[in-house]
Structure formats: C-alpha cells, structure tokens
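What Swiss-Prot says about this protein:
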- CYS24-CYS54: disulfide bond (DISULFID)
- CYS32-CYS58: disulfide bond (DISULFID)
- CYS41-CYS53: disulfide bond (DISULFID)
- CYS42-CYS80: disulfide bond (DISULFID)
- CYS47-CYS62: disulfide bond (DISULFID)
- 21-66: domain 'WAP' (DOMAIN)
- 1-20: signal peptide (SIGNAL)
Amino acid sequence: MNSKIFAVLLLLGLLSCVLSDQYCPKSSITACKKMNTRNDCCKDDDCTGGSWCCATPCGNFCKYPTDRPGGKRAAGGKSCKTGYVYY
C-alpha cells in the first residue's frame with residue numbers, strides 16, 4: 001500500500017516538473033530590416049521583474065517566460081552590445 005502511494009506521489013512530482021518548464025515566447029516577427037535591429041539585453045541579468053533575455057530577428061528583448069516552447073533565449077557573449085546594432 002505504501003509503495004503505491006509513493007509511486008503516485010513520485011509520478012505527480014515528475015509530472016509537475018515536466019509541466020513547469022518555461023521558455024522564451026515565440027517571436028511573431030520572422031524577419032527584420034537591419035536598420036531596425038536593437039538589443040535591449042544581452043543576458044537575463046539585464047532584464048528585471050523575472051523576465052528573460054530572448055532573441056528575435058529584430059534583436060534581443062526582455063520577455064516574460066511562457067510554458068509554450070518555440071522561442072529562443074539570447075546567447076549573449078562578449079560580442080553582444082545593448083542598443084542599436086549596426087552591421
């Protein structure tokens with residue numbers, strides 16, 4: 001009896017971990033003119049209020065995580081600069 005309860009609780013715990021995954025929201029923009037590219041952030045630490053630094057075709061922006069996959073977190077790195085990006 002106790003092993004069945006333990007198995008059910010373990011299954012519920014694993015299920016809640018899987019369901020609680022968070023992602024950057026999918027961008028509705030598929031392309032952007034280079035002159036409109038801007039980075040508001042390069043890493044999550046640049047964002048406030050629990051938002052993440054997410055990559056879009058028009059640059060990196062702070063977005064609140066969602067439970068739907070499809071978006072992409074900004075890679076950051078030394079070459080990332082905030083502000084308008086000029087090529």
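In case you wondered, yes, glycine gets a Cβ from its N, Cα and C as well.
Counting only the Cα atoms, the space from CYS24 (disulfide bond) to CYS32 (disulfide bond) is about 19 angstrom. Here the domain 'WAP' (21-66) has a mean pLDDT of 93 out of 100. Remark: CYS42 (disulfide bond) has CYS53, ASN60, ALA74, GLY76, GLY77, CYS80, LYS81, THR82 as non-local neighbours, by Cβ distance under 8 Å and separation of at least 6 in sequence. Residue pair CYS62 (disulfide bond) / CYS41 (disulfide bond) shows a Cα separation of 7 Å. Distance from the CA of CYS54 (disulfide bond) to the CA of CYS32 (disulfide bond) is 15 Å. In the three-state DSSP scheme, CYS58 (disulfide bond) is classed as coil. Using CYS41 (disulfide bond) as the reference Cα, a 10 A cut-off selects CYS47, CYS54 from the disulfide-bonded residues CYS47, CYS54, CYS58. Ranked by Cβ neighbours within 10 A across all protein chains shown, the disulfide-bonded residues CYS32, CYS47, CYS54, CYS58, CYS62 are led by CYS54.
Each of the disulfide-bonded residues CYS24, CYS41, CYS80 was scored by the other Cβ atoms within 10 Å of its Cβ; the lowest score goes to CYS80. Secondary structure of the domain 'WAP' (21-66) per DSSP (helix as H, G, I; strand as E, B; remaining residues coil): 6 helix, 14 strand, 26 coil. Here the Cα atom of CYS54 (disulfide bond) is found 10 Å from that of CYS47 (disulfide bond).
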